[in-house]
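See below for the structure under consideration.
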Amino acid sequence: MPVSTANLNQPNETIVAGTCARTTADTTVAQPVSSGKGTARSIDTGVFQCEFCDYANAKRYLVVRHMKSHSQERPFKCPMCERCFKTNSSLQNHVNTHTGLRPHQCKLCDLAFTTSGELIRHVRYKHTMEKPHKCSVCNYASVELSKLRRHIRSHTGERPYRCPQCDYASPDTYKLKRHLRVHTGERPYQCEQCQQRFTQSNSLKAHKNHCTGMTRPRNRVGQTKASKNCDSSSAM
């Protein structure tokens, strides 16, 4: 019988393009709940909605927790460094990175993890192959909610991550970080044969395909060709 991760406190969600509306199949008695910053409004029997956006969930504690994302307050401070967090659970996960504690044990293998999120991702990637986060526009489905959100931007055209030095905008932080190297001159990818550096991993890969620095055998046994330098014409 296939193993489900439904009991790992990570509800299955569907995101509608252009909104952050999310729903689950679980049910709870509908009662308004105060979060201190807003109210989880009952919009239907067993469904609660964020006061500030379209987020909806049958579990009211998830709606209350979600509403904290609209606030800039981070009252939970790490006792070991200066980082602060919006929720106590986020703080505890962070503290585990300092202590090395791995309290989240996989029931399907011997691995243990620092955070519950790491455990959930591990189970879905390695054991169940479950992809609960589904696009409402196409058949795309993802293990991680963040990847679904990034995918949704391919439908909406949204580019929320902007370069502080030019007009470039990106749909995700990875592409923005890669773009910023144009301004900083950073070249983190280095050829092991000729030490030439590149701004992008795919540029390094293309360079290696033409690099002739590795020694190759001659036709006669026991002899090798002299090593040649890499073709350094590529500058990316």
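Positions of Cβ are set from backbone N, Cα and C atoms, glycine also.
Annotation source TrEMBL lists domain 'C2H2-type' at 48-75 (among others).
Counting residues 6+ beyond its ends, the domain 'C2H2-type' (76-103) has Cβ neighbours under 8 Å at 65, 68-69, 112-117 in the same chain. Positions annotated as domain 'C2H2-type' by TrEMBL: 76-103 (among others).
As annotated by TrEMBL, domain 'C2H2-type' applies to 104-132 (among others).
Feature annotation from TrEMBL assigns domain 'C2H2-type' to 133-160 (among others). In the predicted model, the domain 'C2H2-type' (133-160) shows an average pLDDT of 91.
Taken from TrEMBL, the feature domain 'C2H2-type' applies to 161-188 (among others). Residues 150, 153-154, 197-200 of the same chain lie 6+ residues outside the domain 'C2H2-type' (161-188) yet bring a C-beta within less than 8 angstroms of a C-beta in it.
As annotated by TrEMBL, domain 'C2H2-type' applies to 189-217 (among others).
The region 'Disordered' annotation in TrEMBL covers 208-236.
Here TrEMBL flags 221-236 as compositional bias 'Polar residues'.
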